[in-house]
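The structure appears right after this line, and notes come after that.
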Amino acid sequence: MAFNLFTKFTAVDKFSKVTRVMSKSVKSFAVKAEIAIARADRAFTRLTSPIRRASRALGSFGLILGATAIIGVVSNAVSVFANFEQANANLASVMATATRPELISLQADAKRLGSITAKTATEVVGLQEAFARLGFETPDIINMTESTIAGSIAMRGELSDTAELVGALIKTFDDFSAIDTAEIIDQLTVATQSSALNFEKLQTGLP
């Protein structure tokens, strides 16, 4: 007699529950991480927005400063040129009999001395005018100017005052002429540096 035996196998799933728990944990972690990242992103945005605004403001401020500096340089250059032109106009009015080439040579000498001495070209023209008012002609003025600048610096006197002092000495003594200016300046400088005389006292004591 034959018997049919039915066998039922039940598979024991030891991993499904663990896998589901792990999957749920991973999903939970992912959600939390996404939330944390979003918060961090918003915080970073809040932090960087003022920085970007400040950066843009500083950039604009820098442009303004740069433009202001350029305008200042240009304005100063225009002012220097205008002052130089006015000084030359004043000189020309004093030297009414001077020819145009003479005035041009005086202007060129003023520019030269303005570039190699501590005085500006405009100040040099003022010195030329001081000599012109004392009655000196163009060649004499050119011969006297550079030495007088050196003397005014060494004796700490004003250019116009030094010009008047040197000019008065040359006009007073027949033995002196414009070509002696350097020697006169040297003697005056020695007098102020080796004694108690200063420029003001020297100016008062000499004719």
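A Cβ is built for glycine as well, from the same backbone N, Cα and C atoms used for every other residue.
Here's what TrEMBL has on this protein:
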type: DOMAIN; residues: 108-206; note: domain 'Phage tail tape measure protein'
type: TRANSMEM; residues: 61-82; note: transmembrane segment
Key: Helix, strand and coil residues within the domain 'Phage tail tape measure protein' (108-206) as assigned by DSSP   = 77 helix, 0 strand, 22 coil
Ask   = Averaged over the whole of the domain 'Phage tail tape measure protein' (108-206), what is the pLDDT?
value = 87
